Amino acid sequence: GLRVTVLLTSSLMVLGAGLRCVPVSDLEIRKKLIHGGQLLNGLAGPTVMNAAPFLSTTWFSPDERATATAIASLLNYLGCAGAFLVGPLVVPPPNGTAHLVSQSNTQHIKDRIEAVLYAEFGMVSLIFSAALAYFPSRPPFPPSVAAASQRLSYRRSFCRLLSNFRFLMIALAYAIPLGVFSGWSGVLDLILTPIHVSQVDAGWIGFWSIVGGCVVGIAMARFADFIRGMLKFILLLLLSGATLASTWFTLTCLTTVTHLPLTTATLYTSCILLGIFLNSSVPIFFELFVETVYPVPEGISCGVVTFLSNVFMGVLLFFLTFYHTEFSWFNWCLPGSCLLSLLLILCFRESYDRLYLDVVVSV
């Protein structure tokens, strides 16, 4: 149920954030505590990223599910948007965009980092307390036939997913571009530093791209609730825009070859459009996953694709540890992944098994 899962997730986050705040003078012990805290926080991640479709099915009617999925999943991205601002605005930059001039400045940076860690610990503790006080597992009455129906077991669910070629198609269509984009946006300041963009500007670019993606994603999900059976069409539009925006950004960074204007406005526009198109596709993908493989539980289907997305992000960051002096190859991964996803969606044959159950059985 949702209550037990959310309480377990938030308790892992509290414990993980708390380990990072333990005031230990020994740097090796401090490093181990921070790694342990990050591990616990990572263990809590799957619920945050995958529970949105299950939450929307459990609590909302069929004409509200896509909107509820979008709000629940994209609020997580707003937290990422806040991280883009908190880092550059609270902690002075120690990388190539600024220079450390004194020992006192180094101590100031350490103090600001600790302030961020304490603030995060306070926020997750507040969330855990709120969930502990009130977070029911389900409503008194199921809002739809699908919410009350029996789901497959874990073993049968995995067998169904691995043998469903259509699911594997859209799983790769989601995992490849979103995994590449997650890894790329995580090191956006390093990518933009060679073209003389400051860490603060990189933070604002990441912030507005995520905020724009959240707004457009909720709007697209509301459109999908009003006009059902349009998920594939919406994804084709979003991925086409992502392919064009990522190609524009990559060519702009190669200004010595393409001679395209490299200005703050063009970088902001291309990056923000890319974030809008990719981030807003997340809830649409989630709804399509659930519709395609129903009656597989929502958490399992979305968990599998999130795992695949993290695998692609990890592989990309692994190569970044060896090829970190020049980032043009990293930029080209973006349009390539978006184009591949667009082709997979174009060949995908959509079906709406859960929606069919709700409509036909209800009638």
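In case you wondered, yes, glycine gets a Cβ from its N, Cα and C as well.
Just so you know, TrEMBL annotations are computer predictions that nobody has curated.
Of the given residue ranges 41-65, 266-290, TrEMBL assigns the label transmembrane segment to 266-290.
Sequence-distant contacts of the transmembrane segment (165-184) (same chain, six or more residues past either end, CB-CB distance under 8 Å): 191, 235, 239, 242, 274-275, 278, 281-282, 285, 288-289, 292-293, 301, 304-305, 308-314, 316-317, 320, 330-331, 333-334, 337-338, 340-341, 344-345, 347-349, 351. Comparing 115-135, 204-221, 302-323, 329-348 for CB pairs under 8 angstroms to the transmembrane segment (266-290), the maximum falls on 204-221.
For the transmembrane segment (302-323), same-chain residues at least 6 beyond its ends with a Cβ under 8 Å from one of its own Cβ atoms are 46, 49-50, 52-54, 158, 161, 171-172, 174-176, 178-180, 182-184, 186-187, 285-286, 289-290, 329-330, 333.
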